[in-house]
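Undergrad: Residues or ranges marked as active site, proton donor in Swiss-Prot (evidence: similarity to another entry): 132, 373. What Swiss-Prot records for 279, 391 is active site. As annotated by Swiss-Prot, compositional bias 'Low complexity' applies to 826-839. The compositional bias 'Basic and acidic residues' annotation in Swiss-Prot covers 843-866. Positions annotated as N-linked glycosylation site by Swiss-Prot: 104, 181, 497, 797.
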């Protein structure tokens, strides 16, 4: 259920945006005692994560929290470009240095610095990301040096310190400099720490493209290194890269693209937004002005910010557009990295849109527990992963600092509760593989310790709780601390670019200092709440749609020339009507057609209105069909000893039987193998499966028949395991089990489908432990799930915590039983099946650093070996474009740009904040 969409129009193109309901509620203030309790809770969570890294992973780069071991590059299966952050230099330890001081753990900080000095080697024969190494390692060393000299000067320790971290930072800076050896001055995306660039042994240097954020997020760290050491070459190179990006902006829109050729300066990806691929470029322009005092950085930022608010911002949404056609949106989904932007707007002083976007993001979090990697404009999951990103916590902290509104303390409390409830595991905190099912990924990125706990601790801290004045520092994109005093220390010899022309802007909108908060808030404590109120139901959309121009047309008695429900792509008369309304059809390579409207191509303004109404009807019809035909994935959670809910398998749903989404308790019981294993005839071991969940093998009969047979024998649920040996949700679309063409109302038990790899997890557990109990549910339940015998209780003190950890499986057992789970199917603009549309499309895999599995769920009905598969209409333009050639098609420019949509996340990890 939800609010129907209402329309928004810009000349030349039309699209739909979401309506917002005016309904809100108040909140209670957080007391000082509660803040202290929450602050202590953050410290305990940090100790849990950091302690497990040091105990189980150090000196490895990162902790694998599910298997309780370190992630060492080359010893684990490659995850693609995400592994380029790992350089065998104890990444997590370096990234955490200044966090230790912020959290007042100075003794642990001294120990960590000594370990970095004695143990870390930066001269490894390994190819790393220039961007990630800069923000995480160079930034971590500089942040550690900054707080080390502060502690030494204040007499709070570190008296032995003699700039060792700075010397290491300088060594690393020189190792990164060869990356800038391009005709443009933009850095190569990767470099070999030992051999540099373009040597045979370097194994890198052939790349031609980089993301805007990758090239434009160097100035803070490199300038700080120059100011600390007096060596100007670092700041000069970073400044040259920024100058080049500024010069290559699209002059009419003042926007930059996502990906650029490092040799020619041509834009490879011409879409623009504030999320993945661009985000920290904007951030570093403004922060470079704050740190270095160079007015040109502020002028550039203001020019870009004006373009962002003019074209990209559609409060509370931030939608990507095309740099050469900024009135045309590039996609209908948003990525999670844009969550940093409200915090940047606070630094800019533009509070209202920051509050609006932050509230929208919070509503998404309240629905899914975490912010999915990407979500659509109607707030459905687009990519379901959540690698414990800190951007939303960052913006929450800055909004609280700007407004003092206790509401943001409640938001922070929600983040703490969700992390403990859904991400905490015995060996740290695990990334969420799928926010819908709660399944985990064996991953705890270094930025989780570098940023998340820093922002949460500061959110609940009073000034007296900190051992230094945090206002004397600026945060890098990785939340490392650089002192503002650097603006007067060893200024770079780089000359200011005096030839650059800046766009004339309204001075009233871009004061040289942040706007006066008294003017913004007018002493009104309800200011922020009044902005949030209209957005309270932005996700839970249960309000009526406001009358619109289209409603007036439909109520005027005028008969529309064509209704969406009547449209047939093979009807030439219908196609002629669409052409008159400015609606064109694009035939996709998988046999489907996609509708696009250009209002300026309509025969008249009335025809354009008819076309807009038709497009709205088609979107609503498509959405209705998706809801009817597609079910979200379900979860099979092993809850018996020694698993206790920590192994979650993503399962395909059935279109019949118990609806697990309406039965929150799910179905829990021991599992037993049915005989015959196919489940296609009367069950011969009825006593063995009575009151249990029956395991069956796919094939030989319809799914509904299997369900009826085990239900008749007394089973309380059923799991069908794929008979295709080696199949996995990693490599195959997730099935929906359909009925047999007859009424399935007689089936009342829940039925789920597992691929062979996931099913073998349960079968192996039965062989090992005999009695295996599972929970069938719509999503994974809390990891502190109590077993029937009550072995496991919530952790309330250290002794209970230790007792609990003793009950969990050993790392070896976890390693054997760990699996990878399926991703979310994208949702996008309406597409209608043509008369010759195939029943399904090919699966196209993506690199592992992105939400890699953009498969479409298919409905399975028939028997093995080749089951009949019913495929609902595809609903993702992005997945469609994945199947197209990589070359730009000589078609409408919008189609040429659409093919790039799915590539946006290929740079996701490279612009991590």
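Note: Cβ is positioned from N, Cα and C throughout, glycine not excepted.
Since the structure is predicted, the reported quantities are computational estimates derived from the model, not experimental observations.
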Undergrad: Quick check for the class: what is the C-alpha distance, in angstrom and rounded, between residue 132 (active site, proton donor) and residue 181 (N-linked glycosylation site)?
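TA: With the alpha carbons as reference points, the distance is 18 Å.
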Undergrad: Say you check the Cα of residue 279 (active site) against those of the recorded positions 104, 181, 373, 391; which is nearest?
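TA: If we rank 104, 181, 373, 391 by Cα distance to residue 279 (active site), first place goes to 391.
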Undergrad: Expressed to the nearest Å, what is the distance separating residue 391 (active site) and residue 104 (N-linked glycosylation site) at their Cα atoms?
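TA: Residue 104 (N-linked glycosylation site) has its Cα 23 Å from the Cα of residue 391 (active site).
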Undergrad: In sequence order, which same-chain residues at least six apart have a C-beta under 8 angstroms from residue 104 (N-linked glycosylation site)?
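TA: Within the chain, residue 104 (N-linked glycosylation site) has Cβ neighbours under 8 Å at 465, 466, 467.
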Undergrad: Could you find out if DSSP has residue 373 (active site, proton donor) as helix, strand or coil?
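TA: The residue in question, residue 373 (active site, proton donor), is coil (DSSP, three-state).
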Undergrad: What's the CA to CA span in angstrom from residue 373 (active site, proton donor) over to residue 181 (N-linked glycosylation site)?
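TA: Roughly 34 Å, rounded to the nearest whole number.
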Undergrad: Relative to the Cβ of residue 181 (N-linked glycosylation site), which residues of the same chain, six or more apart in sequence, are found under 8 Å away?
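TA: Set apart from residue 181 (N-linked glycosylation site) by at least 6 residues yet with Cβ under 8 Å, we have 188, 197.
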Undergrad: Using DSSP and three states only, what is residue 104 (N-linked glycosylation site)?
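TA: Its secondary structure by DSSP: coil.
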